[in-house]
Amino acid sequence: MSFVAVDGVTFRFAAGQSAVIEDLSFAMSRGETVGVLGASGSGKSTLLRLIAGLEMPERGSISINGRVIVDERVFVEPEKRGVGMVFQDYALFPNMTVADNIVFGLHKLKREERRLRLEEMLELVQLSGYVRRYPHELSGGQQQRVALARALAPQPSVLLMDEPFSNLDAHLKAAIRSELRQILRQAGTTCLLVSHDEADVDAICDRSLHVRAVEASDFGSAEFAR
Amino acid sequence: MKKSLLPRSARRQINGWTMASVIGAAVVLLPILYVLTGLFRPANENWDKVKQFLLTDYILGSAKLVIFTGFFATFIGVVLAWLVVGYSFPLRRFYKWALVLPLAMPPYIAAYTYSSMTGYTGVIQATLRNRFDLVLPPGTIDVMSDRGAIFVLTLCLFPYIFMLTRVFLERQSASFIENARLLGHKPLSVFFRVVLPLARPAIMAGVMLVLFEVLSDFGVANYFGVQTVSTAIFQTWFGMYDVQSAMKLAAWLMVAVLGLFMLERLLRRSRRYASPTSRSNPLKPQPLKGIAAWGATLFCTLVFLLAFFFPIAQLVVWAIETGGTVWRSDFLDLTVNTLKGAGLGTAIVLLIAILSSRAARMFDSPFMQALTRLLSAGYAVPGAIVAIGVLAVFIALDEWLAPFYGMLGKEEGALVLSLSLAMLITGYVIRFMATGYGALEAGYEKMPKAYSEASRTLGRSSLATFFRVELPLLRGSLLSGFVLTFVEVVKELPLTMLLRPFNYDTLSTRAYQYATDERVFDAALPSLFLVLIGLISVLFILKAERS
């Protein structure tokens, strides 16, 4: 049985507008890393937002680990989906330190557990000496790693990454790609990664999903490629 | 209807945040709508007389103030803005911010200060008489007229146009103006063919603020004896004790305001001249030389002296002369009343503003947009209209609650709510909701939505996200919203005079009372206090603009 199942999902921003995603279906296995490729405006980021619960589909259903998180009747709020997300510009809270950002999603853990998990995450992303820094005191690459640590800390069942390399320099990007692949393998997380750069997906993902902008004559907007 | 039977998207939108916005909008709208129903109510005898003999004068009086103040304030505001942005001359840097300071001066205070300064015993005529042996014929300087009202309103309100136009020109116009200069256009041609059309949206926004203020004015027109619709509402209410006719006048004034309001929206919608990028370089001012440079300095200095320095200096002199006698124990009571009313009003404004600005951010639907626009419509509604609407609604509430009052042992027909401070506070909330809402909305606009979304995907509920992530980041906006609203409430006059409980005086009502009782000297200390409080808000605006 597939771990993440997206079935016949259609989404439009406002009634009367053309659909951004139309009748999209695909599935992912547990522990798999899938890349989503497509041109600007093809609905890549929207797909992640639908899975995270930040947007509501017009039709279709999404389930994770056998649990329906959205369909015609059900809508599970984002905080109850167990999904982690790394945003395009990282969205690190500017008024919190690296440590506060990472433990933000660990509010249900006891203090000691929280501390251990923070240490584990800092080690994973190799930022142990930066706990007291604020986001603006970090480089782009460091910010990206904090965002990743923050998203992974609550051990989400699925990690969603929206253009995680778009704010990085070319030389930094190459280094971080292999680092990220290693971190994801180590954490064993199921991950859906959106990028407009095929090289990102080739370097990190097990397979890729191509989405195309919806046109009147072009329904069923996704296809898989190896 | 059961919530579960509603569509999913509607279900998501029905929560505490949206409900609070709906309640807030109802509080703001109910009294205003109630006033508008005055248009369709049967008239009484008084109204026939008012309509036959007085209404034309009222309308002409208001129209005259609106048209002339609008014209002169636009002229002064736009010319000064272009001078300080486009050219460099002595004291330019000082005037860039100093010409905003007159906003701290409530027009009614400027009115009685000027009327005393220019009177027979005032500083101007006395100096001419005693020092230069020059006796002016009576009526040479007559500010107690519609001309005087236009003069005072222009000087106190032009900074709205100056400030908005200046900020716009500084940030948005550089490449267009530099291009026009490179293409060989002379200064006047640049001004008329590029600056004016470019800055039109900013100028119009400023002009509208001025016009709403003029229509709302009671203090200046009443003090100078100019008949306007606003003063007429007051006289019909308190002079003839005819709330019904006052309501009809308010309804007609509201129609005029609605017309202006729609015009403003229409003009705002078509503003597409602005440069699409906010990163455009600032305009480099051209140096003025010789007479032109000193002419520019002289013009700025003259406006600054007339609009700010002279009246302030006069108030300081009077305050020093009379400080000892006015500084009585009730001055403390006045201050406490003022701070209590303003504090409560501001707190409620901010509470509704924060709930509804968040609801608008969470649900960017046409319904929420309309709701929040209605919420902030109060700034355009004159205080007298708000007052009469609130009074009517509170009296109706008292009638509705009469059985409950009976159970509490009150006599039949007792007025509880409509004699309480709650009525005044409600008036403040309606009138100044826009200031608080504007600050919070700006705060939310600066905060990327991804912060809240990140918090939600990290397992925090909507409420926890608000308290843990959004509120700490909104601190600055909350503070500026508090200061700006608080200061507006403290300075407010007509609403306070109409809706205050019996024997409840604030600094503004007492200052105005002294002035109308021909005790202008005694009015100086509370007036100066009000101007100082006003200065805090102006400095806040200037600081926000700089950051």
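Cβ from N, Cα, C; glycine included.
Sequence annotations record features per position, and here TrEMBL assigns domain 'ABC transmembrane type-1' to B:59-262 (among others).
Residues or ranges marked as domain 'ABC transmembrane type-1' in TrEMBL: B:335-541 (among others).
Taken from TrEMBL, the feature transmembrane segment covers B:20-40 (among others).
Within the chain, the transmembrane segment (B:60-85) has long-range Cβ neighbours (under 8 A, six or more residues past its boundaries) at 92, 95-96, 99, 146, 149-150, 153-154, 157-163, 165-166, 169-170, 173, 191, 195-196, 199, 203, 206-207, 210-211, 214-215, 217, 221, 226-230, 253, 256, 283, 285, 296, 299-300, 303. What TrEMBL records for B:60-85 (among others) is transmembrane segment.
Annotated transmembrane segment per TrEMBL: B:97-114 (among others), in sequence order.
A Cβ distance under 8 Å defines the sequence-distant neighbours of the transmembrane segment (B:148-169), meaning residues of its chain 6+ beyond its ends; these are 64-65, 68-69, 72-74, 76-78, 80-82, 84-86, 96, 99-103, 105-107, 110-111, 114-115, 142, 195, 198-199, 201-203, 205-207, 209-210, 213-214, 217, 220-221, 224, 226, 274, 283, 303, 306-307, 541, 545. The transmembrane segment annotation in TrEMBL covers B:148-169 (among others).
TrEMBL lists B:190-212 (among others) with the feature transmembrane segment. Sequence-distant neighbours of the transmembrane segment (B:190-212) (same chain, 6+ residues past either end, Cβ-Cβ under 8 Å): 66, 69-70, 73-74, 77-78, 81-82, 86, 157-158, 160-165, 167-169, 172-173, 176-177, 180-181, 257, 260, 263-264, 267-268, 271, 273-274, 379-380, 382.
Under the heading transmembrane segment, TrEMBL lists B:249-267 (among others). Panel annotation: around the transmembrane segment (B:249-267), residues 32, 35-39, 50, 55, 58, 62, 201, 204-205, 208, 211-212, 215, 229-230, 232-233, 236, 377, 380-382, 384-385, 388-389 of the same chain, lying at least six beyond its termini, place a Cβ under 8 Å from a Cβ of the stretch.
Marked as transmembrane segment by TrEMBL: B:288-318 (among others).
Residues or ranges marked as transmembrane segment in TrEMBL: B:338-356 (among others).
Taking Cβ pairs closer than 8 Å, the transmembrane segment (B:377-397) reaches residues 28-35, 212, 215-216, 218, 230, 233-234, 237, 243, 246-247, 250, 253-254, 257, 260-261, 264, 415, 417-418, 422-423, 426-427, 430-435, 492-495, 498-499 in its own chain, all 6 or more past its ends. What TrEMBL lists as transmembrane segment is B:377-397 (among others).
Non-local neighbours of the transmembrane segment (B:417-440) in the same chain are 24, 27-28, 31-32, 341-342, 344-346, 348-350, 352-354, 356-357, 372, 375-379, 381, 383, 386-387, 389-391, 394-395, 397-398, 401, 474, 477-478, 480-482, 484-485, 488-489, 492, 495-496, 498-502, 504; each lies 6+ residues outside the stretch with a CB under 8 Å from one of its CB atoms. The transmembrane segment annotation in TrEMBL covers B:417-440 (among others).
Here TrEMBL flags B:523-542 (among others) as transmembrane segment. Taking Cβ pairs closer than 8 Å, the transmembrane segment (B:523-542) reaches residues 97, 100-101, 103-106, 109, 112-113, 163, 312, 315-316, 318-319, 321-323, 326-327, 331, 334-335, 480, 483-484, 487-488, 490-491, 507-508, 510-512, 514-515 in its own chain, all 6 or more past its ends.
Below 8 angstroms of C-beta separation, residues 76, 79-80, 83-84, 87-92, 95, 98-99, 101-102, 104-105, 109-110, 113-114, 116-117, 123, 155-156, 158-159, 520-521, 523-524, 527-528, 531 of the same chain, each at least six residues beyond the ends of the transmembrane segment (B:288-318), sit close to that stretch.
Proximity of distant same-chain residues to the transmembrane segment (B:20-40), defined by a Cβ-Cβ separation under 8 Å and at least 6 residues beyond the stretch ends, is recorded for 244, 247-248, 250-252, 254-255, 352, 355-356, 359-360, 368, 371-372, 374-375, 377-378, 381, 385-386, 388-390, 392-393, 426, 429-430, 433.
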